[in-house]
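According to Swiss-Prot:
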BINDING   His202, His310  substrate binding site
BINDING   Asp222, Asp233, Glu433  divalent metal cation 1 binding site
BINDING   Asp233, His302, Glu338, Glu433  divalent metal cation 2 binding site
COMPBIAS  18-35  compositional bias 'Low complexity'
COMPBIAS  36-53  compositional bias 'Acidic residues'
COMPBIAS  62-77  compositional bias 'Basic residues'
REGION    1-96  region 'Disordered'
Amino acid sequence: MAVQALPEINKLSVSEEGAANAAAKGQAAQGTAGNDDAENDESDEDKEDEQEVADGAAAAGGKKKKKKTKKKKKKGTAKVQSDPPRVPLSTLFPNNNYPEGEIVEYKDDNAYRTTNEEKRYLDRMNNDFLTDYRKSAEIHRQVRQYAQKELLKPGRSLTEIAEGIEDSVRALTGHMGLEEGDSLVAGMGFPTGLNINHCAAHYSPNAGNKMVLQYGDVMKVDFGVHVNGRIVDSAFTVAFDPVYDNLLNAVKDATNTGIREAGIDVRMSDIGAAIQETMESYEVEINGTIYPVKAIRNLNGHTIGHYLIHGGSTGKSVPIVKGGDQTKMEEGETYAIETFGSTGKGFVRDDMEVSHYAKVPDAPNVPLRLSSAKNLLNVITKNFGTLPFCRRYLDRLGQEKYLLGLNNLVSSGLVDAYPPLVDVKGSYTAQFEHTILLRPNVKEVITRGDDY
């Protein structure tokens, strides 16, 4: 989920305190989980049959007679994901051994960390949260694989796409979010962003939205998954017309550059400079006109905290252009490395109808005069904490005629509204994003998959 560089918009942050109350990657669950146990069971049973025949023959003092052993049925069967995804991930991985992300060794001055015994021990002692992160990431991979195959097609409505993604995420976490507090255990990390063409971020369809995905559109698909507050944030761009391929390639390459450069003690300014150099080496030709791909200079990557999508008040931003500050990345931090490219000005502003909201963490007590605002704040606190939400999520909970109360919460400073961010009309924007963990001994690209 995008964070806009200050001062254009405040960071979207969520409070740990409020929420705490509450095979290969992407393919691993597609038929492999459970096979090993089943095969081992069958092998052991066959050996027992052979031994019984041999023992019987020896006791009789005669020749060994070959006995045709019956083939035992496997006790376990391959567990596969359904289409659409509805099998909880805990069923596919009963031992909670979820696929790890892409493991990248540190380089240069930090190369020693990979083999340093002290760092390896520290990593083992502090990796309890990895199970939650890896579960979130595997859910993201499986859901986006389904979306790419079945949902993201011309002619589909944005509402159908968003609800298809979100219903799948909830089903795989095993928490549908209809009971009070259930969404705080596991579910959506933030609303599904479906940002078309010049819209770069923070657009999700509200009730009654009639927008339909077209063949000539360039759409950014940005959604988050959390398990026990461990949020993974990952995004990709789809375009059906190959004329936009270079735009997508530029941004994907830039994101991978940012991931490669990121690491412990690395300065944000150095990462931003490398990202911009990579992205702006590309150009794209559309209808006979050549456009340079520009990095959107007021959008950034960001830290992710426990129930904190943008790291809270102590969060850090990862620029995608040169000239950033000298802040360094540190051991143990989690980052969303995301880059945005545009054929327009390379600068976004607020526009269009708001869909994204989040409760302000540590907000002061403000007297609310509207009873509807008081009731709505209670619903938000108990169901989302400070995780971002959208109007459709309130609709799911049966809330009605809540806009007046919601606007009152925004004007009172208790809830932040996050309008869509757009470049100039007629331009096209693209986004790619991954979540990375700066573990003591290695860097783990937790959301990496076969697709991007």
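Yeah, the Cβs are placed from backbone N, Cα and C, and that goes for glycine too.
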If I take the alpha carbons of Glu338 (divalent metal cation 2 binding site) and Asp222 (divalent metal cation 1 binding site), what is the distance between them in whole Å? 10
Could you check which of the binding-site residues (His202, His302, His310) sits closest to Glu433 (divalent metal cation 1 binding site), going Cα to Cα? His302
Which residues, same chain and not among Asp222, Asp233, Glu433, have a CB within 8 angstroms of the centroid of the CB atoms at the recorded divalent metal cation 1 site? Met1, Ala2, Gly193, Phe223, Gly224, Ser234, Ala235, Ala336, Glu338, Gln431, Thr435
Could you tell me which three-state DSSP class His202 (substrate binding site) falls into? coil
Whole-Å Cα distance, His302 (divalent metal cation 2 binding site) to His202 (substrate binding site), is 15
In which DSSP state, out of helix, strand and coil, do we find Glu433 (divalent metal cation 1 binding site)? strand
Chain-mates of Asp233, His302, Glu338, Glu433 with C-beta within 8 Å of site centroid, divalent metal cation 2: Met1, Ala2, Val3, Asp222, Ser234, Ala235, Gly301, Ile304, Tyr335, Ala336, Ile337, His434, Thr435
How long is the line from the C-alpha of His202 (substrate binding site) to the C-alpha of Asp222 (divalent metal cation 1 binding site), rounded to the nearest angstrom? 9
Rounded distance in angstrom between the Cα atoms of His310 (substrate binding site) and Asp222 (divalent metal cation 1 binding site): 14
In chain order, residues whose C-beta lies under 8 angstroms from the C-beta of Asp233 (divalent metal cation 1 binding site), counting only those at least six residues away in the same chain, are Met1, Gly189, Phe190, Asp222, Gly224, Ile304, Ile309, Ala336, Glu338, Glu433, Thr435, Thr447
In the structure shown, which of the binding-site residues His202, His302 has the fewest other Cβ atoms within 10 Å? His302
Glu433 (divalent metal cation 1 binding site) has its Cβ surrounded, within 10 angstroms, by a count of other Cβ atoms equal to 26
